[in-house]
């Protein structure tokens, strides 16, 4: 097991499911609160950590949105993103496609360009300093209405050349993908890639809607695809990637026992599964922690993790030439280990 953990630690990989607001560690939360004179509902860092005891997605979202209140300036968003990039770099993440939730900021009076300029400054720094490649995916909050999503897409117009795609996150059950069919169609017309959280707490019908109605390019989470055999076969044949987040699933009680996690089964069925950290500050683990958890609890072997790492590059929105270059780095690492 020790050799496998060492192998995983340095394995070249991409991360395709990371909410940048969900990488806000309690220490940085307090630092930004002090900087911006924001009063937090917690007396200290340990109290924040103690509050990270969720029973479901909604309980997590309630505290998640509280945390965003400390983010006010371009510097704040840059510091937030850089903290993640430094941490991901330690896990040998070569490429990251990060979600951001502009509505959670614009709704509290933070201009869209403040969010974007801060994130773009961090991306420029990460590319220059760490050699990482980074793409942005702008998520619509599904508990809000489609008109709010349209307004957000309009705000993004000046930055569309800096945004790879749009996504759909927040409270899944009761907010099906079909609620956002028109804004996703417009985003597609603008040349953006499309992803959506589906099949995390919602059943397999949410995944089917995301594929059939939104015409998404990638499935975020997708655990409950196991409920629909035809959908699994379709996903395997189309080689659409699933961005699965094991520790998130455990923390939110989606899969309470990692020994029962569906990822190994989906991998054996030929689906293009990837491993990701989702909201690592809240769920207690970055991407390598998620890899290691599946090694420990699911018995995955080195060859499985190589396939998953390959999937992470193949499932990205990078140009084919860049994907090939990253796969070459991966192959050389495997050959040299």
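Just so it is clear, glycine is given a Cβ too, placed from its N, Cα and C backbone atoms.
Secondary structure at residue 200 (active site, proton donor), taken from DSSP and collapsed to helix, strand or coil, is coil. Sequence-distant neighbours of residue 200 (active site, proton donor) (same chain, six or more apart, CB under 8 Å from its CB) are 57, 172, 220, 221, 222, 223, 224, 249, 252, 254, listed in sequence order. As annotated by Swiss-Prot, active site, proton donor applies to 200.
Sequence annotations record features per position, and here Swiss-Prot assigns Zn(2+) binding site to 17, 19, 197, 278. Around residue 278 (Zn(2+) binding site), taking its Cβ as the centre, 31 other Cβ atoms fall within 10 Å, counting all chains. Under DSSP, residue 278 (Zn(2+) binding site) is assigned to a strand (E or B) in the three-state scheme.
Over all protein chains present, the Cβ of residue 279 (substrate binding site) has 26 other Cβ atoms lying within 10 Å. Per Swiss-Prot, the feature substrate binding site maps to 279; the stated evidence is sequence analysis.
For the recorded site, residue 221 (site 'Important for catalytic activity'), the DSSP three-state label reads strand. Residues or ranges marked as site 'Important for catalytic activity' in Swiss-Prot (evidence: sequence analysis): 221.
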Cβ neighbours of residue 197 (Zn(2+) binding site) where a neighbour is any other Cβ within 10 Å: 29
For residue 279 (substrate binding site), the one of 17, 19, 197 that lies nearest, given that the binding-site residues are compared by Cα: 19
Neighbour tally for residue 17 (Zn(2+) binding site), based on other Cβ positions within 10 Å of its Cβ: 30
Residues close to Zn(2+) site centre defined by 17, 19, 197, 278, Cβ within 8 Å: 18, 22, 99, 169, 220, 221, 243, 245, 248, 276, 279
